[in-house]
């Protein structure tokens, strides 16, 4: 969108409506969110599968099955095991900066195509893995796909949407993340029952299905009008594209703003350096603060390690995976609700409600585990159900606020001339702290035990207040 367009969108009315063409284009692009959610959800499931642990992480398997003296909280403590999960995100972190240059120089569509292709290769390698090196390299390729798609897809959705519908369109990305997470947990629940112990291969390889849809479908995606104007002087082509997307011939006001924004954008030779200018300082602060606080709320502790967590408190293999499915459904339901409410109630109200909901539920979880779960044995069935319900409440709060809004706000506040650079900062910060959480959580769980829940969730509420005030 144009320079200052976000500021003027309340007072300037652009003609158009939500067309089937725009919906289908955004649906294909948002498949990147499904792959993201799938790769997040599948790792926690396969790392709780005994055949997978026995093949790649035999020391963890021996501790879980045969070491009766080890604490519940320490059964899965292995830096090699966490490297399997976290390698995805460190690769995505490095890739996001290259993706920014591709997105800025060639458009959103090429980045989505590259990301989809990398996802396909990573899924194939993971499913065929014979040793730990193949396994982790496959995850790293998935990270390359993650870096490109998380850079390009939110921008694509934001630029395809009319300003008055932008919040709902961007919430679709988080909805797709949740759908991918549920797909992964359902597949894990089915593959764990396969005799012979090779079901984990199906779980890892199935990421290739939505990845293939994205890679092939992206070849037929239209480029966004903003990107067409930015990379071509053919304003007539951009106008025709805008007319098709908006479903009306009267698009001159929006087109003029996009052309104005493009001229300003082309004058910027060093976008990262430009981000440091005083006039862009609020956007720079937000591009760091929002993904940072989104991660320290702890959502990826649940996303990565929910099955491991349930096994730690005494649940069986299948029961742990089924609990994760219930959690995913709760998150998806409330993210869908957010897509309906975000443009009516605004961002601030949802941040507040979701933040309080997350804080209260996690404090209660920490309290129950501290009081009722020792180093050995497990929670009673009744308390196990209560913990499951509270985790669902927490995930619902995240789906109502920080989940979708973390992408909505960051994709709509950046002027075009710094948009690709700023989005790469958002993705990099998000992935960096995702990597830290993935790599350190199991060790922290072992040493801090139930106390790990309490300080993290207090930060989650503080970030809510800080970010909403800055956004206001």
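The backbone N, Cα and C atoms fix where each Cβ goes, and this holds for glycine too.
Summarising the annotation, TrEMBL assigns domain 'Major facilitator superfamily (MFS) profile' to 25-472.
Taken from TrEMBL, the feature transmembrane segment covers 18-38 (among others).
The feature transmembrane segment is assigned by TrEMBL to 80-99 (among others).
Counting residues 6+ beyond its ends, the transmembrane segment (111-129) has Cβ neighbours under 8 Å at 29, 31-32, 35, 56, 99, 102-103, 135, 137-149, 151-153, 156, 201-202, 204-208, 210-219, 221 in the same chain. Taken from TrEMBL, the feature transmembrane segment covers 111-129 (among others).
Look at TrEMBL and you will find 135-157 (among others) tagged as transmembrane segment.
According to TrEMBL, the transmembrane segment annotation covers 169-192 (among others).
According to TrEMBL, the transmembrane segment annotation covers 198-221 (among others).
Among the features that TrEMBL reports, transmembrane segment is placed at 284-306 (among others).
Feature annotation from TrEMBL assigns transmembrane segment to 318-342 (among others).
Here TrEMBL flags 349-371 (among others) as transmembrane segment.
The transmembrane segment feature in TrEMBL is assigned to 383-409 (among others). Sequence-distant contacts of the transmembrane segment (383-409) (same chain, at least 6 residues past either end, Cβ-Cβ under 8 Å): 154, 166-167, 170-171, 173-175, 177-178, 286, 290-291, 293-294, 297, 299, 302, 306, 310, 313-315, 323, 326-328, 330-335, 337-339, 342, 347, 350-358, 360-362, 364-365, 368-369, 372, 430, 460, 464, 471.
Counting same-chain residues at least six beyond the ends of the transmembrane segment (421-445), those with a Cβ under 8 angstroms from any Cβ of the stretch are 73-74, 76-79, 81-83, 85-86, 88-90, 92-93, 96-97, 99-100, 103-104, 146-147, 150-151, 154-155, 271-272, 274-275, 280, 283-284, 287-288, 290-292, 294-296, 298, 300-301, 304-305, 308, 312, 406, 410-411, 414, 452. Positions annotated as transmembrane segment by TrEMBL: 421-445 (among others).
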| field | Range from 18-38, 169-192, 198-221, 318-342, 349-371 with most C-beta pairs under 8 A to the transmembrane segment (135-157) | value | 18-38
| query | Can we call the transmembrane segment (18-38) and the transmembrane segment (198-221) in contact, meaning three or more C-beta pairs below 8 angstroms at a sequence separation of 6+? | reply | yes
